[in-house]
């Protein structure tokens, strides 16, 4: 593919957040163009690139060369890969490196990696000097369609996932779709769960389109760019309506309350369960629980499960290898999840495909007996 | 003083920051009324009180009793006193305690203490669950007139003071003026430096009033409440105009660039120099440097020094006990200070009493030779 066709294949999603507005560029060859794209948008000429040990050997040189070519001096921080990196310990390392590199308010932190690197370095960018610029270069499908859009950053605590962080919007997101070709099938599928989620929240036509076109999305090319752009646009729409998550933004948590509990129950062991797989099972559970509460038809739950199964995602708790803790333990994880207000459980439930809504008074007893039933 | 006269003596400064608007109450007896004031404003009924080992024995029981009486359950975190507490280590402790207490987004963190406790626990409140409510109960004059107003929070780094933090506005500030009666002369004077600062920034009439009435302010009573309310209002005006410090808010740093460098030079050793004393010397230096640059009359610098001397504040580098590092070292601290943009030095200079302005192109060479001269 030559440079001209690369550039013309790029789609742009604009996120109109007033003085925090930014663009998401989606398409091939964007890492090699990162320096030019950043230099044309930001005033600063210093950057701290944060990445992990898996991603660094593949893309760090190309990124740094493109920054150099654009006159942007960069420092590098290479962290261990994996969810455990979202800790205070690594946050301190990143903050220290960013300060050492004398990154000032108009300079930037660049996250080159998946959701873990994005969440951690976005948090560091949000707190060093009370906020420096932030550029995301997401290298997983999950990060391209979810964690790099919306400004949520954070780390995990022993009390649960993402319990410490800030809202800090990026100034630019470069979703280079070439990098997705090197992902494992399993990792691509996990990201696809979040793509399907946007259909299930409020885009029934997009969900139908995915049912028909998912093989083309997996194969790459324009269908994949289309699916990613539609997902980013869907998330951007929700974020713009509710930047600080006081209401409708919670819709993005469809499947996540159950999913987070399952991730906690498997001690964030990626050999057993990765985030997108937890969301896949969680979405099916949310549709089934909605059917149980007579909100939606059981047919919808079956349709969701059928599609996710077809692409190869797990859809039941029993699909997770190894023993799960009892339903009561899952319930405790749910209660400590951050989507709790004054003791009542907030869940994203649904009235059908693309008809999800925020329910903030779900009885804990119903959830527990549902979990007991599904667990067995 | 009875309850009715207490209540009627309270002044309120409203900080109109849109959806982040809040009130500062200033007057006697407010700690004993904290529970009622909080309960009438916030929805949550849980609180985590953060304080230090010096303040806890004096006021923690009264505060907790008033929370209890208002139906607010509270957990307590008692930290070591002193600037060294503004560290990642103690931030982690506070975040963990707040999560353990299951403080949710509508619940609050209460800072009971001086600026160190306020800055640290405000930072924790800003990042736990990406932001919970925050109430300040400042127990030093410095905290009442400065650090409890404006939403800046943070900790220190080995690279400098306040280099890591967030903007997180309080929901309520309760400045109980009774607590000031137990401060040492030295601590009260240090806070007074920030009171005088508001006159020197843009309130020449207030500065003249202080020259005449400072003894009454030190003695307590209505002159003191008046001075604190005027200071809070002055700071609030600047913050409202420029919440995120993109421009005019930097005026609040009058005396602080030199002051921070002196604090760093004395390794934050409060036996040698406390923050307000650094600001006092720093303001005199800023007026003298402005005179040297032919911006202001040397008479203004002498008038500032005379008043600060009269109340017992240090005004010269030679007033600091012990050896200072060479001017070059002070200069390095200034260059790493956060008020640096693209390598140029930003200073608050002045054209006279109450005529301060932001100068963002001050030549480093001039500052260095000025420091060499003053150092000797």
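Note that Cβ sites are derived from N, Cα and C of the backbone, with glycine treated the same way.
TrEMBL lists A:77-189 with the feature domain '3-dehydroquinate synthase N-terminal'. Positions annotated as NAD(+) binding site by TrEMBL: A:115, A:116, A:117, A:118, A:119, A:139, A:140, A:152, A:161. Annotated domain '3-dehydroquinate synthase C-terminal' per TrEMBL: A:191-340, in sequence order. Annotation source TrEMBL lists Zn(2+) binding site at A:194, A:256, A:275.
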Additional residues around Zn(2+), ordered along the sequence, whose Cβ is within 8 Å of the centroid of A:194, A:256, A:275:
A:142, A:146, A:193, A:197, A:255, A:259, A:276, A:278, A:279, A:282
Neighbour-count leader, CB within 10 A, binding-site residues: A:115, A:117, A:161, A:275:
A:117
Protein Cβ atoms within 10 Å of residue A:256 (Zn(2+) binding site), excluding its own:
24
Secondary structure of residue A:140 (NAD(+) binding site) (DSSP, helix/strand/coil):
coil
My understanding is the cutoff is Cβ-Cβ under 8 Å with a sequence separation of 6 or more in the same chain; which residues meet that for residue A:119 (NAD(+) binding site)?
A:86, A:147, A:152, A:153, A:154, A:155, A:162, A:165
Nearest-integer angstrom distance between the alpha carbons (Cα) of residue A:194 (Zn(2+) binding site) and residue A:117 (NAD(+) binding site):
18
Site extent for NAD(+), whole Å (max Cα pair distance, A:115, A:116, A:117, A:118, A:119, A:139, A:140, A:152, A:161):
21
Cα-to-Cα gap, residue A:115 (NAD(+) binding site) vs residue A:275 (Zn(2+) binding site), nearest whole Å:
10
Distance [Cα-Cα, Å, rounded] between residue A:117 (NAD(+) binding site) and residue A:275 (Zn(2+) binding site):
14
Provide, as an integer number of angstrom, the distance between the C-alpha atoms of residue A:161 (NAD(+) binding site) and residue A:275 (Zn(2+) binding site).
11
Just to confirm: which same-chain residues, 6+ apart in sequence, have a Cβ under 8 Å from the Cβ of residue A:140 (NAD(+) binding site)?
A:113, A:114, A:115, A:180, A:183, A:187, A:191
Need one number: mean pLDDT over the domain '3-dehydroquinate synthase C-terminal' (A:191-340).
93
Summarise the domain '3-dehydroquinate synthase N-terminal' (A:77-189) as counts of helix, strand and coil residues per DSSP.
47 helix, 31 strand, 35 coil
Residue counts (helix, strand, coil, in that order) that DSSP gives for the domain '3-dehydroquinate synthase C-terminal' (A:191-340):
108 helix, 1 strand, 41 coil
For residue A:194 (Zn(2+) binding site), list the number of other Cβ atoms lying within 10 Å of its Cβ atom.
27
